[in-house]
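Q: Here you go, one structure.
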Amino acid sequence: MGVSGQAWLILVVLVLGTTCEAQLSSTFYDNTCPKALSAIRKVIRKAVSKERRMAASLIRLHFHDCFVHGCDASILLDDSSAFESEKTARPNENSVRGYNVIDQAKAKVEKICPGVVSCADILAVAARDASFSVGGPSWTVKLGRRDSTAAYKDIANNDLPSFRDSLEVLISRFNTKGLSPRDMVALSGSHTIGQAQCFTFRDRIYNNSNGDIDAGFAATRQQTCPLASSPTNDEKLAPLELVTPNSFDNKYFKNLIHKKGLLPSDQVLFSGGSTDNIVLEYSKKSATFKSDFASAMIKMGDIQPLVGSAGIVRRICSAI
């Protein structure tokens, strides 16, 4: 008996559904550019040793790329006649940074093997190397992504999480990208090495009407974040985790339990909701947090990559 039309259809769907995953491989550049990963690693280590904060910035840069139309380096593109850059989207403008470090890594790799390694893959590798450089986990990065030929500012404005988001909204945003609440909480743990601008947490430290912030913590933060809004005051920085802001550890979760989350979107992770138990677990088990963070980063790196003949390999990350 021949294979039915329905069976053929199922077979085709299965093949197409696994094509993307099959074309991402940790050995993708082993033959075409074997020195690429070591070249990227040197650039990242140098940048982080110069400015510890850069580690968090590079992780966040990869995150903001993947959440907008997939991990395709669209966030790196400047304005053109065909599209507006994602760099000027509300969640990114004067906030996301590290573009110059990615440009430096790309320039190094281009000297070794021109036109081979994509900007999207450099972003993924840079995030892994940044984590490891500050005591965070490492993981095997799957490679083979290609670069977008457009930017998606409107999607960036709509899809990226906000510091004002409720727990329900955050869970929904991550679920849309195929990430679970546990993935979300683990990824949020990277805030242990991050910093935030005053305007993102001013309301939280001055308007404690619901009692969800430690009074002493709020008073400490008020010392460097004035109540009066101005361009200078709004941009004043504070570490998201006050105790060990330069180390990738689980202090962030311990702070949440004591109502010392800096951003509203941090504290909602431990506020009587469905993610409380995950925060409690990570606060007690640092190894579990780091393992879950690595797994979530790998999972995030799989969001809608361009593979095969889709997209291009940009020679300069900021332009097509």
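A Cβ is built for glycine as well, from the same backbone N, Cα and C atoms used for every other residue.
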Q: Return the single candidate from Cys33, Cys71 listed in TrEMBL as disulfide-linked to Cys66.
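A: Matching partner in the record: Cys71.
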Q: Looking only at Cys33, Cys198, which is named in TrEMBL as the disulfide mate of Cys113?
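A: In TrEMBL, Cys113 forms its recorded disulfide with Cys33.
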Q: If I restrict to non-local contacts, at least six residues apart, and a C-beta distance under 8 angstroms, what lies near Asp72 (Ca(2+) 1 binding site) in its own chain?
A: Asp65, Ala120, Arg145, Arg146, Asp147, Ser148, Gln304, Pro305, Leu306, Gly311
Q: How big is the gap, in Å, between the Cα of His191 (heme b binding site) and that of Pro161 (substrate binding site), rounded to a whole number?
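A: Cα of His191 (heme b binding site) to Cα of Pro161 (substrate binding site) measures 14 Å after rounding.
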Q: Across the domain 'Plant heme peroxidase family profile' (23-320), what does the mean pLDDT come to, as a whole number?
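A: Mean pLDDT, the domain 'Plant heme peroxidase family profile' (23-320): 97.
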Q: At a 10 Å cut-off from the C-beta of His64 (active site, proton acceptor), count the other C-beta atoms across all protein chains.
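A: Its Cβ shell of radius 10 Å holds 22 other Cβ atoms.
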Q: Whole-number Å distance between the CA of Thr244 (Ca(2+) 2 binding site) and the CA of Cys317 (disulfide bond)?
A: 33
Q: Around the Ca(2+) 1 site (Asp65, Val68, Gly70, Asp72, Ser74, Glu86), what further same-chain residues have their C-beta within 8 angstroms of the site's C-beta centre?
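A: Near the Ca(2+) 1 site, beyond Asp65, Val68, Gly70, Asp72, Ser74, Glu86, sit His64, Cys66, Phe67, His69, Cys71, Ala73, Ile75, Ser148, Ala151, Tyr152, Ala156.
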